[in-house]
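Per TrEMBL, Fe(3+) binding site is recorded for His71, His73, His241, Asp316. Under the heading Zn(2+) binding site, TrEMBL lists His71, His73, His241, Asp316. Taken from TrEMBL, the feature 4-imidazolone-5-propanoate binding site applies to Arg80, Tyr143, His176, Gln244, Ser321. Annotated N-formimidoyl-L-glutamate binding site per TrEMBL: Tyr143, Asn318, Gly320, in sequence order. Taken from TrEMBL, the feature domain 'Amidohydrolase-related' applies to 62-405.
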Amino acid sequence: MSGNRRQGRKLWRDITLFDGLETLPEPMAVIVEGERIAHISTMAGVDEAAAAGCEEMGSGGVMTPGLVDCHTHLVFGGSRADEFEKRLEGVSYEEIARTGGGILSTVNATRAASESELFDAARPRLEALMRDGVTTVEIKSGYGLTVEDELKMLRVARRLGAALPVRVITTLLGAHALPPEFKDDSNGYIDLVCHEMIPAAAEQGLADAVDVFCERIAFSVAQCERVFEAAKAHGLPIKAHAEQLSNLGGSAMAARHGALSADHIEYLDEAGVAAMREAGSVAVLLPGAFHTLRETQLPPIEALRAAGVPMAVATDANPGSSPIFNPTLMLNFACTLFRLTPREALAGMTAHGARALGLSNEGQRLGRIEAGAPADLCLWNADTPAALAYAVQPGRLRQRVVNGVVTHG
Ligand code: NIG
Ligand code: FE
């Protein structure tokens, strides 16, 4: 993460504040000091002594925590516009994958690309997320599928975080698809992931977490479990793409291993919901993939809600199942497609998104607006927080603050 503007004491007045979980009932004032949120008060309660000497940042508008996009595949080579057309003609995502297209077509293009080509292609995608309020983004590997190509992707993700004012969390997704050179030897490929990829990524400090794709077109529950054991042996937190196309029980297994999150989960059953509740795993909802694949099976929102499983919302930005680089559109999709309330959708892209990345604990405190937390904030031209989910309207971001530094506006 790099910043470029002066830090100091900054004051916003008369704002409608969504703190990551709730909208506060009256207009508020917020003071940021250096990298942290220093004071939050009602307008009537502003301590004018504390306000003296602050830079006045303006008044009015809606303030939210900086958006946390907790699931993306932003680094990739090539395009899948041809596959989009095939799907429009009626060929399914699964059929395309089984015939060597889909993820594997992106693998070919990603292997062929240099690190700087991948960086240059990913940068505008990330900038699009930032212009729509993202201050923390997770970026997965998973289109390299050799040790060197997976590390290359993770290095690109780290470089993006160093070059731009955004927090980048990297996730090793070696177990995303079976590469052609391991055709008929999926266990051999899982050996490579466990014995070479994970140790190398961990030693080089390139991965903050490890993910798997648990699905009949990818890896079995038992294979994913081996990956989790290797990740845990290297001290890395885990998460899973699970129950996206079928119900294999991957989410429950991931939860039993203490996963930060299970993602997609359209086919999650009651037992899976219970396992996630028990483990405190976050349910990451990806309405962009649901929309793009014209899925009809809805994730079990009511059961997750009733169980109190925190629900995050993310873009899943990737070249195949969700070529959508627009986080606030996902707030709208989460409401219209999954029937989340606007409050739930916003919490999903702030407090619960941070939790899905392990960034909501006492040490990190991202995704919330509270005294002492890092000052990652967005100020929006909107009347109410719900309006951010209601209207699909790019360009509403008035200011974006990362670690106390204004990086937009
Ligand atoms: O999150 N489900 C698997 N992985 C990605 C899709 C990747 C792709 O199609 O390129 C997802 O949907
Ligand atoms: Fe994904």
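All residue numbers here begin at 1 and follow the chain in the order shown.
Cβ atoms here come from the backbone N, Cα and C positions, even for glycine.
Whatever TrEMBL says is automated annotation, not expert-curated.
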Binding-site residues whose CB lies under 6 angstroms from ligand 2, from Tyr143, His176, Gln244, Asp316, Gly320, Ser321: Asp316
Near-site residues: Zn(2+), ref His71, His73, His241, Asp316, CB cutoff 8 A to centroid: Thr72, Lys140, Asp263, His264, Leu286, Ala289, Ala314, Ala317, Asn318, Ser321, Ser322
Closest of His71, His241, Asp316, Asn318 to Tyr143 (4-imidazolone-5-propanoate binding site), Cα positions, binding-site residues only: Asn318
For His241 (Fe(3+) binding site): intrachain residues, at least 6 apart, with Cβ closer than 8 Å: Leu173, His176, Asp211, Val212, Phe213, Cys214, Glu215, Ala218, Asp263, His264
Spatial neighbours, same chain, of Asn318 (N-formimidoyl-L-glutamate binding site) - Cβ under 8 Å, 6+ residues apart: Thr72, His73, Leu74, Phe76
Residues satisfying Cβ distance under 8 Å from Asp316 (Fe(3+) binding site), sequence separation of at least 6: His71, Thr72, His73, Asp263, Leu286, Gly288, Ala289, Ser322, Ile324
Candidates near ligand 1 among the binding-site residues His71, Arg80, Tyr143, Asp316, Asn318, Ser321, judged by a Cβ under 6 angstroms: Asp316, Asn318, Ser321
In three-state DSSP terms, the structure that His71 (Fe(3+) binding site) belongs to: coil
CB contacts for Arg80 (4-imidazolone-5-propanoate binding site) [other CB atoms within 10 A, all chains]: 22
Cβ neighbours within the same chain of Gly320 (N-formimidoyl-L-glutamate binding site) - under 8 Å, at least six residues apart: Arg80, Glu83, Tyr93, Gly102, Ile103, Thr106
Least surrounded among the binding-site residues, given as Gln244, Ser321, when other CB atoms within 10 Å are counted: Ser321
Around the Cβ of His71 (Fe(3+) binding site), the count of other Cβ atoms that are within 10 Å: 31
